Every structure is written in C-alpha cells, then in structure tokens.
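The following features are taken from TrEMBL:
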DISULFID  167-244  disulfide bond
DISULFID  188-227  disulfide bond
DISULFID  216-239  disulfide bond
DISULFID  257-334  disulfide bond
DISULFID  278-317  disulfide bond
DISULFID  306-329  disulfide bond
DISULFID  357-434  disulfide bond
DISULFID  378-417  disulfide bond
DISULFID  406-429  disulfide bond
DOMAIN    1-80  domain 'Apple'
DOMAIN    84-163  domain 'Kringle'
DOMAIN    166-244  domain 'Kringle'
DOMAIN    256-334  domain 'Kringle'
DOMAIN    356-434  domain 'Kringle'
C-alpha cells in the first residue's frame, strides 16, 4: 500500500520538536520517504508545508510535544507510535507504557543498574528500545516486557491491551483495527468518500478519530464500531468486532473532582445542582433512556452517580422527579472552586424570549426553545452524537441551525430537533402555534 497509509494526517497544526531535520521535497509522499530513511533519530512524524515545499522529519509526535495551529502545515504521525495497544505478541508495540503489570517502574534499556541487560539499544537497534518503555525484542510469546527497577525482580511483563483487528475494549472508541465489513457482510464505504452515502464523518473534520480507508470505527460513541456501507439501500451498519478478554487498563482520568467537561469524573455525588436526587442509571423509571450500564461498560454508570457519558458541558443525571427529566450536577472543580457558583446553573433554564410560538409550519421560527414535547433535551445541530444526521448548519445555511434550538429546516409540520436520548432519534418540540386572530 501507500507509505502514507501508515500515518495519521492532521491539517493545520505544527508541533515543537527539538530533534528535527529539514529537507526540500515536492510532496508529502517524498517527505514520508525521508522519515522512513531517517538515521539521525527515530522518526515518529513529519511536517510538510506545500507553500515552501519544506519537509521536517521529527523525533517527537503530538503525544510527546506541544502542538499549535499553523495554517499551511500538515502533520503526519506514524500510527504505530500513537497506539497504546499491541497486535499479537506485541513485537511491533511502540507505545509509552513504562511499568510492569504489578506497577513496578521499568529500568531504562540503556542502563546497567539494577540489572545488567542482555537486550540493549546497541545490540538491537530495530527493536525500539527507547527510554524505559515496555518492548518485546526477543518475541516472547507472553508479550511486551521490561527489566524492572526492583533489584529482586530482573524482568516482568507489561499489561498492554490487544488491538489491530483482534478485539475491542469498552464500546470500541479506541479500536484501530482493519475490519472493513459489516455484520451482514457488506463492504464498508471509505470515510473520505461521499458515495453512495453523503455524511459528515470525514477524516479532515475528525482527524483524531483515525477514519482511515474504509475500516470500521466508532467516532461518535455508538454501541460498537460501525461504517457506512457500499450498498445504496443500507446507509450504515455495525461491524462484528469481538470484545477483548482482558479488562481495559484503569484510566488515569478517573477523578473525584471536575476537570474539563468531567467525562472522567467517577465521584459519588448523586444529587443535581437544584437538590433533586438522581435516578439510577440501571432503571427506566420515572424516565426511560438509552444510557444502560451494560451497554456502555466504560462510562462509569454505577448506582445513580452524576456522570457525563455523552460529552455534555459537565456531569448530569436523570432525576427522580417525573416532571424534570435531567439536570446538571454541582461537582467541585479540581482546582478547588465550587462548580455551580459560576453562573453556569442559569444555562439550564432556557427561556424563549424572542418567540414563544410559531406560525405556519414554523420554518421561520427563531426562538430558543430546546426541549421536545416529551421533555427530552435537543441535540446540537452541528453534533453527530448520539444521532448521525445530515441536517447540519452548513447544509442548511438559511435555517438558522444554531446551538440545539428547535427548528424546521426540512418543511415538516412543525419545529423539531434530534434528541440527546440515544433511544429516540427526533421529536417535535414543545412550542405552541401562534393564533393569528387573538393575542393572548
């Protein structure tokens, strides 16, 4: 295949790398060949600028160096150095795990204490023996290992999860394998193609999702990896990827306080910011929903604790009040400030001040209602989660598809929206029709 197939492309970024070499090349492919042939250091990535036809081979990638915007640059990173999982016995594993399965830090391959190594970077220059990262230079059947920093234990194996087409962890969000057929045997459509199905999941828009070739992926938090199919009559379908037998490594993101959007929050707060008790995730009363713990094993949906499984602004939960479907929770920030006292609680109440009713079919409605008739919260129009769709702001520029406000871009009978409930794709909104004759 093409040399560039081994790289992940990201447009418009630059990374600061002290170890680099400059070359003059005509295109990205020539630059990739320079990276493959680099002998001054281990080339993990390269930058190419088309305007200057300048090629920079780099010893670092985005996991190791600072990244910032640069309009003319294209970054290509070797996928093998981005993966934190192993294929088979892990002979080609080049991740950055540096402790044993029992948690003992690894000894650097180039050092001689506390253990004098048989496998060194000098003796095995192609085995990736950098720093103290787990590797498998002797093709051990038990997988990557390292010499340990414990004088009593010469070496031990590392806990590296499987990847590359063999199995998936959780819901397969990190699956990077090469399966390209659906459960019914249909061939997948390439992610960079718009035929036979038009879609918004392009590699340029989602560079971090590894939407390579026509391989099955899970870029939007679905139940498992999927793809658009090459059959005109079947838009998309799940792929048959087996679950790994080993458990995923415990995430370092698990937190008892709010960091970022709180997707890694695993604390035990189970009450909303207005004081309402949370509904258990495993129950469907008083609110029916699709966030079932068994279906989303890595989202931390235990008991009735506040969580953020869907990339919301911050952790939330369904309430036990049948009249209020869900609310945000007040989680203390990791920097010590109390979340909820920053004015964010006002975001919940969206009062449609501009318009409280719609005329005709509501195609001209520009109010700020964002709740459906059954009380479900609307999905943002520029979002593809939890529902994939084609009603995007750039496709319907005159429909005012802002935020998650109810609209009628397609001439339906009244304003509607996609919902944030995975089990309900869309619903009409909770908006009255204006009475043209009497003014209330």
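Placement of Cβ uses the backbone N, Cα and C atoms for every residue, glycine included.
Location within the structure of each feature annotated in TrEMBL.
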| residue | record | CB count, 10 Å |
| --- | --- | --- |
| 167 | disulfide bond | 18 |
| 216 | disulfide bond | 25 |
| 239 | disulfide bond | 23 |
| 306 | disulfide bond | 25 |
| 334 | disulfide bond | 15 |
| 357 | disulfide bond | 15 |
| 406 | disulfide bond | 25 |
| 417 | disulfide bond | 26 |
| 429 | disulfide bond | 25 |
| 434 | disulfide bond | 17 |
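Highest Cβ pair count under 8 Å relative to the domain 'Kringle' (166-244), across stretches 1-80, 256-334, 356-434: 356-434.
Considering only the disulfide-bonded residues 188, 257, 329, 429, 434, residue 167 (disulfide bond) has 188 as its nearest partner by CA-CA distance.
If you count neighbouring Cβ atoms within 10 Å for each of the disulfide-bonded residues 257, 378, the highest count belongs to 378. A distance of 32 Å separates the Cα atom of residue 357 (disulfide bond) from that of residue 278 (disulfide bond).
For the disulfide-bonded residues 188, 227, 329, a Cα to Cα distance of within 10 angstroms from residue 216 (disulfide bond) holds for 188, 227. Helix first, then strand, then coil: DSSP counts for the domain 'Kringle' (84-163) stand at 0 helix, 13 strand, 67 coil. Put simply, residue 306 (disulfide bond) is 7 Å from residue 278 (disulfide bond) when counted between their Cα atoms. Counting only same-chain residues at least 6 apart in sequence, those with a Cβ under 8 Å from the Cβ of residue 227 (disulfide bond) are 180, 182, 188, 189, 191, 214, 215, 216, 217, 236, 237, 239. When the CA atoms are compared, no disulfide-bonded residues among the candidates 257, 317, 329 lie within 10 A of residue 429 (disulfide bond). Cα of residue 257 (disulfide bond) to Cα of residue 378 (disulfide bond): a distance of 27 Å. In terms of Cα spacing, the disulfide-bonded residues 317, 329, 334, 406, 434 that come within 10 Å of residue 378 (disulfide bond) are 406.
Taken together, the residues of the domain 'Kringle' (166-244) have an average pLDDT of 86.
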